[in-house]
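Going by TrEMBL, these are the annotated features:
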- 28-168: domain 'S-adenosyl-l-methionine hydroxide adenosyltransferase N-terminal' (DOMAIN)
- 194-292: domain 'S-adenosyl-l-methionine hydroxide adenosyltransferase C-terminal' (DOMAIN)
Amino acid sequence: MVILDNFTFFSILFCRKFVNQNKPMPVITLTTDFGNRDYRVALIKGSLLSGDESVMISEITHDIRAYDIEQAAFMLRKSYRAFPKGSVHMVAVDCLFHPQQKNLIYKVNEHYFLTADNGFISLLHPEFELEEVYEITYNNRFDDVVEFTPRDIFVPAALHLIKGGIPEIVGRKFTTPVRLSTLNAAYKDKFIAGQVVHVDGFGNVCSNISREKFEEYQRVYPKFLIRFRNHTMKKIHHSYADFIPDWSKEKDFHGKPMAQFSEDGFLEILMYKGSSQNGASSLLGLKEGEHINIEFIEEK
């Protein structure tokens with residue numbers, strides 16, 4: 001039997017407490033198309049808290065367009081890596097329960113996603129590995145009482161996973177998930193052909209042109225032109241600080257267009273201090289699906 005003196009005993013307690021306080025706790029996130037006016041979001045959150053009152057819940061957005069899994073995938077691609085590993089991301093978009101509908105757990109980068117088998121995971125991560133996909137079997141038979149998929153299927157699975165449970169307990173390996181194609185930019189010769197894939201709340205236009213590919217081209221061809229509709233731009237700025245050379249004249253730049261790469265490395269077109277009414281989308285006529293091209297110029 002080992003007997004510890006008081007100093008050693010309390011030192012161990014302190015160290016354990018310190019380590020636990022500094023270890024990021026996994027989170028359950030919610031992404032839905034339910035909006036904030038009705039009861040459904042509260043029903044999901046209440047069900048989670050009734051199952052475990054200590055669970056941490058983070059709401060990514062409830063403003064996904066109805067049944068728009070492409071928009072849901074875009075939002076989560078942009079944000080999920082910021083959450084602690086082990087987090088569970090519930091995607092309640094286009095998840096109506098019916099006899100042919102399967103519901104899935106998808107594990108990637110030590111994160112879990114709960115979604116209907118509607119193509120979402122192929123939009124989130126086109127190169128997903130099949131061994132990381134599971135069909136949820138808990139409450140997923142049509143003879144079970146399932147009135148609301150997020151509460152009756154996703155909530156029990158989320159609470160199991162967030163506590164460190166393995167997917168095999170609530171599901172089984174699944175090899176035939178629905179696959180949908182994504183809108184990828186085309187790269188050929190001295191030309192990049194991209195598209196608008198999202199317009200945010202400030203009217204900023206997000207494209208599918210990656211910084212990585214752009215810089216690969218620019219190392220060979222330093223000069224370039226960004227073309228869309230009847231507009232041309234010659235520079236991509238690093239930030240607003242780079243865009244405004246003299247901050248005493250900052251107001252002169254309000255409503256001026258600029259290009260920059262987003263936090264996750266994709267080209268954006270925006271108006272400085274724009275909004276949904278007077279942002280790049282409305283003032284430059286750039287809607288989802290519009291073309292944005294970059295032409296690289298060979299120096300002579």
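Cβ coordinates are placed from backbone N, Cα and C, and glycine is handled just like the others.
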DSSP puts the residues of the domain 'S-adenosyl-l-methionine hydroxide adenosyltransferase N-terminal' (28-168) at 50 helix, 31 strand, 60 coil
Helix, strand, coil: count each for the residues of the domain 'S-adenosyl-l-methionine hydroxide adenosyltransferase C-terminal' (194-292), based on DSSP.
24 helix, 35 strand, 40 coil
What average pLDDT is reported by the model for the domain 'S-adenosyl-l-methionine hydroxide adenosyltransferase N-terminal' (28-168)?
93
